[in-house]
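Worksheet: one structure, shown below.
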């Protein structure tokens with residue numbers, strides 16, 4: 001790019017591309033909105049267009065906090081663009097896929113210049129003027145490229161900025177903070193410590209080596225155009241979790257929240273203890289309204305997904321030219337931009353990883369039980385006067401397996417519902433589609449777990465090849481048993497006679513007699529840790545393949561944490577985590593044999609989400625008035 005064209009691009013890029021704030025405000029005032037409400041709408045939408053502000057006002061017409069004089073929080077970030085940004089995005093995606101989400105994934109790649117500060121709505125335009133003015137002053141001395149050196153520790157991975165370039169950034173941040181503080185009458189604190197661009201933060205220590213290998217394929221000297229960008233966020237929800245709605249939900253009761261697909265919802269984790277299972281209470285980012293919503297209609301979003309970009313200053317240096325290598329096109333795959341060089345690098349890492357992976361452990365919760373749908377008294381709904389079972393609803397199983405003792409024992413050892421059977425088979429089919437090789441299947445002795453394992457194997461077309469090993473040590477925390485006694489499970493012989501594919505030759509590590517009613521949390525943790533380690537040892541000499549463990553909601557944390565070397569959760573945290581795990585929720589651990597350790601990665605199949613379907617009486621809706 002010629003020097004004249006570069007300078008022209010810099011001038012155009014850094015001009016305000018929207019109407020001035022005063023013109024926008026006057027337009028809203030002319031529509032009859034009060035000044036403080038109009039200014040709040042402009043600040044919340046980045047003061048870009050009258051249409052954005054008017055749409056925000058319309059959406060927030062029932063917002064109980066609309067009149068509250070709460071300002072936005074603002075931060076100034078230096079953000080990379082171009083090929084360096086593409087490589088960072090590839091790293092973001094691969095690190096999340098291989099090692100799970102860490103704190104760095106909450107925000108896009110950036111260098112913090114000024115951390116979050118508050119500014120009154122009517123003074124925000126002064127921040128824009130300051131950014132433009134300070135940017136112009138530093139445009140000539142801004143470095144053509146920024147020196148980045150990789151730094152790694154057990155909980156942090158990122159690039160540190162070289163001293164000479166860091167000094168320029170500090171001067172820029174200091175100049176912005178000083179001028180903004182004086183003009184906008186707000187306290188702006190510049191970042192004066194070690195400048196850095198975070199790649200990963202607060203990850204499990206055993207993921208450090210994997211993350212370092214991925215980071216080595218990021219070339220910090222790649223072509224990059226740096227942009228100083230001003231972002232804002234709602235200060236009321238800083239410590240909340242952000243959820244994204246996957247489906248629309250229309251309230252059935254007055255205390256429920258209306259959500260549209262793609263809506264963001266702020267949820268305070270400390271306020272969920274008294275909420276009914278499967279529900280959360282949150283505040284809509286789109287409307288400001290608060291209410292209950294079904295948790296399985298949402299997924300976790302990133303913290304920065306709700307932030308608003310206000311203005312940016314593009315640093316375009318005259319010494320940067322495009323070369324032939326810089327003009328190599330990015331390739332779009334499935335709508336996403338992929339850089340061929342980076343893709344090959346990541347492929348190399350994946351090949352290296354796959355060479356060392358030997359086994360996997362897939363821990364899953366059972367499918368939907370009948371008592372989850374019809375309550376603890378489900379059996380009474382299905383028994384005739386002479387004690388025979390009949391199908392009172394299509395979601396009840398057509399028959400119950402035969403057992404030698406009383407049928408009443410099914411009350412505390414309930415079977416799967418028909419939907420639970422469908423769920424389990426669907427998971428098996430998904431595993432088959434992903435070509436997952438299953439070597440062993442272990443199950444808790446609970447009937448619904450054995451049935452889940454059976455139908456997963458049927459979905460995999462392995463029900464004639466792989467048999468189920470029933471292991472009492474996999475049963476859930478006995479303190480949670482409503483009967484306060486260990487359920488009277490069907491025996492292995494009874495299960496086999498009922499045509500479940502049971503490995504009758506398997507000798508369990510924990511006999512049923514070893515399960516203690518109302519065991520302490522420490523006893524449960526110790527039992528779970530011993531059970532998973534004995535399973536791994538038993539299967540260690542059989543080569544590659546996945547070990548499926550079908551258990552309970554508690555299994556996902558109590559079996560995986562000792563496997564990857566993490567201590568048990570506190571009992572209070574444990575209960576909060578377990579109550580949110582849905583039917584067929586799963587965790588997946590892979591073995592890195594050369595390093596003699598296991599790591600948790602994304603499961604090989606997607607999650608299964610569906611809505612409720614209440615009982616219906618045709619008389620109520622069609623005949624009776």
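Positions of Cβ are set from backbone N, Cα and C atoms, glycine also.
Feature list (source: TrEMBL):
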type   : residues : note
DOMAIN : 18-60    : domain 'UBA'
DOMAIN : 238-303  : domain 'SH3'
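Broken down with DSSP, the domain 'UBA' (18-60) shows 30 helix, 0 strand, 13 coil.
Restricting the average to the domain 'SH3' (238-303) gives a pLDDT of 92. Residue counts of the domain 'SH3' (238-303) by helix, strand and coil are 7 helix, 26 strand, 33 coil (DSSP-based).
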